[in-house]
Amino acid sequence: MSMPMIALSCYLLSMLTLMAPLLKPNSTNFHFKTKTSIKTAFFISTIPLLLMINESSQSMTMSWKWFNILSTPLNITIQLDSYAILFIPIALMVSWSIIEYSLWYMHNDIKIQLFFKYLLIFLLAMMLLVSAGNLLMLFIGWEGVGIMSYMLIGWYFTRSNAGAAALQAVLYNRIGDIGFLFAMFWLISTYDSIDLNFVFSMNNSTYLLLAFIIAAASKSAQFGLHPWLASAMEGPTPVSALLHSSTMVVAGVFLLIRIHPMIKDNSIALTTCLCLGAISTAFAATCALTQNDIKKIVAFSTSSQLGLMIVAIGLNMPHLAFFHICTHAFFKAMLFLCSGSIIHNLSDEQDIRKMGGLQKTLPITTTCISIGSLALMGTPYLAGFFSKDAIIEAINTSNVNAWALILTIIATSFTAVYSLRIIYFASMQTPRHNSVSYMNENNTTAINPIKRLAIGSVIAGLIINQIVLPTSPVTLTMPTYLKITALMVSALGFIIALDLANISWTKPPLNKNLSKVLNTSFYPTTMHRLIPSSMLNFSSRISSHLIDTLWLEKIGPKGLAELQLPPIMINQEVQRGLIKIYLSIFTFTTLMCLVILQLV
């Protein structure tokens, strides 16, 4: 069998393995079957990956006829290229770890089978999105992860915040869906095709590309459409880990990687990606600095890293964006799982100011948090270093505007600051939590997934580095100061953060209102309150003026007055007030009537 056929067979077998537990959804051990099926699918999916590494990168597209809309064929198209073959095993490995961890985290939940069913459908939708060969299949996967994220974020539906967060995620993603649908309908009306390979060969409009960028910005929580990502922390921790590591939030970046042949020659689209990514990565990193909720810090760091991926696409280097997606999946999932372990052990405490000293009581968890945070800030030879450093080097040596470059460098420095805050306040110094907290990390169901992801966070970058980057020799020369820029700003941020953490551990801030001045949650307040309030007040005034002072007046009192006034005036002309004449006429008429009646 040729490699493409083996890859397709393994892909279909992986999908069938994942679907198998759904045949008996009411089974009492459904959650264990789900874990086994994802684990099996992961091992099956590594076969095409090993073949691709051993032989060469080949792309294969398989299409089945589905139905037509007039002259437009809408087919079931699967495309297995180097991106799909590499990403699917990574997504399955991370999901396997998260699902296994969920067995421990959700063991008290009475609806655990339903929870695992949602997670499994979520993963299936993501696999469909990754392997889609046309925009219809991509859109089915896109909507699948969207609706399942709504169900999972709102899992604790008795909490009003969870319901609001789930609704917020859906509403922000609707904006992106409008962009996606606009692009699809434009392609159908213009080319009668939504097949990716056909669309790449055509000369595409800038508006079409901007619609795709809007779609990606909403799904990947870029600046302007970012508030839903931090709110999504209302869901259970495994949901946050799956949502933010290898599935939903990277779908937007993956879309841009998929359609990159359309973007690569369009300077407006590339500049939009570059500037949007730079603003997003800097703003999200700044937001992370001001947070005290451990899950929200990690959430904003996700938004910041997604901005860095969009910057890589804006630099015309989608392989670097994809590389960062792959390495980021390991340490970000691990950071969330470690956060969940700490929260569970501290009786649902999420404030980092009420932690401390956990390296004694939770040594494995805090060690893994340190590894994940160091990988996130780009410490040499950990997973994040290879991809992050490559993107910073690329932007340093590219002919881009200095503004985007400065924002990206600042965000890189801030990454070190908020990563150090998590390590310092959670692990180091003395405990600040409740002294009677019962702590235990001896449960293998919780610790084994974290250990697996920790190993991935250390070695994944080195391995994927050999697979993703172009094999042809690239001669790249740059001054030493440019080469070590990323490392230097991270080290500088780390040193400053350590000093600040030492000071703030014992001393309260001098200006108690400083946190209000530097509060970065102004954006949701502005977008969700100020603008709607202004619009509603404006609408109210306009409608009041139009209806109350115009239409109601015209139809009501003034209209009645104007309608009745002419006949009243005529009647007034007739009624002169001559009583004698009126009585005489009345008497005469009465007598005439009596005479007539007598005669008859």
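Just so it is clear, glycine is given a Cβ too, placed from its N, Cα and C backbone atoms.
Whatever TrEMBL says is automated annotation, not expert-curated.
The feature transmembrane segment, as given by TrEMBL for the ranges 199-219, 241-261, 325-345, sits at 241-261. Nonlocal intrachain contacts for the transmembrane segment (170-188), taken as residues 6+ away from its ends with a CB within less than 8 angstroms of a stretch CB, comprise 69, 72, 135-136, 139, 142-143, 146-147, 149-150, 194, 199, 205, 207-208, 210-219, 221, 225, 227-228, 252. Note on the transmembrane segment (403-424): residues 274-275, 277-279, 281-282, 284-286, 288-289, 291, 294, 297-298, 300-301, 304, 307-308, 311, 314, 335, 352, 369-370, 373-374, 376-378, 388, 392, 395-396, 485-486, 489-494, 496-498, 500-501, 505 of its chain, located 6 or more positions outside it, place their CB under 8 angstroms from a CB of the stretch. The stretch with the most CB contacts under 8 Å to the transmembrane segment (36-53), chosen from 6-24, 241-261, 267-290, 481-501, is 6-24. Taking H, G and I as helix, E and B as strand and the rest as coil, DSSP gives the domain 'NADH-Ubiquinone oxidoreductase (complex I) chain 5 N-terminal' (66-116) the counts 29 helix, 13 strand, 9 coil. Only residues 6 or more beyond the boundaries of the transmembrane segment (241-261), in the same chain, are considered here, and those with a CB under 8 A from a CB of the stretch are 83, 87, 90-91, 94-95, 98, 101, 119, 122-123, 126, 129-130, 132, 138, 141-142, 145-146, 149, 152-153, 176, 196, 199-200, 209, 212-213, 215-222, 229, 232, 235, 273, 298-299, 302, 306, 309-310, 313, 318, 321-322, 325, 328-330, 332-333, 336-337, 340. Predicted-model confidence for the domain 'NADH dehydrogenase subunit 5 C-terminal' (418-596) is 81, expressed as mean pLDDT.
Under 8 Å from some Cβ of the transmembrane segment (364-383) lie the Cβ atoms of residues 301, 305, 327, 330-332, 334-335, 338-339, 341-342, 345, 358, 389, 392, 412, 415-416, 419-420, 422-423, 426-427, 441, 447, 450-451, 453-454, 456-462, 486-487, 490, 493-494, all in the same chain and six or more residues away from its ends. Below 8 angstroms of C-beta separation, residues 216-217, 220-223, 226, 229-230, 232-233, 240, 244, 249-250, 252-253, 256-257, 260, 263, 270-285, 287-288, 291, 321, 324-325, 328, 332, 335-336, 339, 352, 376, 388, 391, 394-395, 398, 400, 404, 408, 411, 414-415, 418-419, 421-422 of the same chain, each at least six residues beyond the ends of the transmembrane segment (297-315), sit close to that stretch.
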